[in-house]
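These features come from Swiss-Prot:
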{"type": "BINDING", "residues": "ARG9, LYS10, SER100, GLN101, ARG102, GLN167", "note": "substrate binding site"}
{"type": "BINDING", "residues": "THR66, GLY67, MET68, THR69, SER100, ASN128, LYS199, SER224, THR229, GLY278, MET279, ARG280, ALA299, LEU300", "note": "FMN binding site"}
{"type": "BINDING", "residues": "GLU168", "note": "Mg(2+) binding site"}
Amino acid sequence: MKEELTILRKFEHIEHCLKRNVEAHVSNGFEDVYFVHKSLPEIDKDEIDLTVEFLGRKFDYPIMITGMTGGTRREEIAGKINRTLAMAAEELNIPFGVGSQRAMIEKPETWESYYVRDVAPDIFLIGNLGAPQFGKNAKKRYSVKEVLYAIEKIEADAIAIHMNPLQESVQPEGDTTYAGVLEALAEIKSSINYPVIAKETGAGVSKEVAIELESVGIDAIDISGLGGTSWSAVEYYRAKDSEKRKIALKFWDWGIKTAISLAEVRWATNLPIIASGGMRDGVMMAKALAMGASLVGIALPVLRPAARGDVEGVVRIIRGYAEEIKNVMFLVGARNIRELRRVPLVITGFVREWLLQRIDLNSYLRSRFKH
């Protein structure tokens, strides 16, 4: 019964993301970040190079498709979405992450909805498991065994452990067993030979948490900040009674804005960062890269074409973002992503106010080029 509920929940999550407005009511903060226009770029636009390296692999664009779904039969919607996105990622040579594989652990016959190697043999594929399942008080506590199963069954190159305390706290059947997760992450990292990515799910990562994650050997952080898909909003639509809806509504806009989280994590650690959370155009993405992100992550913008099986629609959206990034780079005189991280930035408004209280802003602006 529990396993069936997990699968039903995954289906409901997809349905609400496709049919409802599940985005935060507040911005992700990048409107407070400005480039300084360069009237003499002293470069040719055609020479701009968008390639990046991440976890030992070279990619054609600084964009990845982050985990969204899985957990039904291959021919059903979750499998269709994953296969469509994987084929697009293969064509573009960018990383792709599947959604939570908990359903696959609990109901192994759903594994095919996550398997994409037959259509995307060369992509950098990232598996996905939830942090609360590694808590010391979890009912069915996961171990290194489940991590290796999640990776090897779908032939992934890395594993993301998603941190979603906000979603779990407002979910009627939520798992809030987070005690002991950091220790479990340390054990995972010391026991497997695959990169481990710590991934938020729309509420952002603080500098304190980032430092803890770096201390246990995590290889990269997907900050997934406030300003994009709100999983509290998704749970608001799933809730069956008014009290649970009231709680989910109250926390709809909880979290750390993406731009703020990015600056905090870049200032506090040396880890590669995936900047996701409301990334909806190439100008915003260029700002994130200039602020120190290694990659920009997207999910919701490509969900609808993926649900239709429209590979070229997904490719077209991402190439459009890439062209916008390239245009920004031309206008600030950056030949490549490394040079983009060294161009002047002006940070204003709420983002500046927050960062002045939380980090050494001038030091951060001088050290954005760590990766």
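Here the Cβ of each residue, glycine as well, is placed from N, Cα and C on the backbone.
On the structure: features taken from Swiss-Prot.
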residue	record	DSSP (3 states)
MET68	FMN binding site	coil
SER100	substrate binding site	coil
GLN167	substrate binding site	helix
LYS199	FMN binding site	strand
THR229	FMN binding site	strand
MET279	FMN binding site	coil
ALA299	FMN binding site	coil
Using Cβ-Cβ distances, find the residues under 8 Å from THR66 (FMN binding site) that belong to the same chain and are at least 6 apart in sequence, listing them in sequence order. GLY97, LYS199, ASP222, SER224, ILE274, SER276, GLY297, ILE298, ALA299
GLN167 (substrate binding site) and MET68 (FMN binding site), compared by Cα position, are separated in whole Å by 14
Within 10 Å of each Cβ, count the other Cβ atoms, then let me know which of the binding-site residues GLN101, GLU168, LYS199, THR229, MET279 comes out lowest. GLU168
Residue pair MET279 (FMN binding site), GLN101 (substrate binding site) - Cα distance, angstrom, rounded: 24
Can you figure out which of MET68, GLU168, THR229 (the binding-site residues) comes closest in space to SER100 (substrate binding site), comparing Cα atoms? MET68
For MET68 (FMN binding site), the same-chain residues 6+ apart in sequence with C-beta under 8 angstroms from its C-beta are ILE14, CYS17, ILE81, LEU85, VAL98, GLY99, ALA299, LEU303
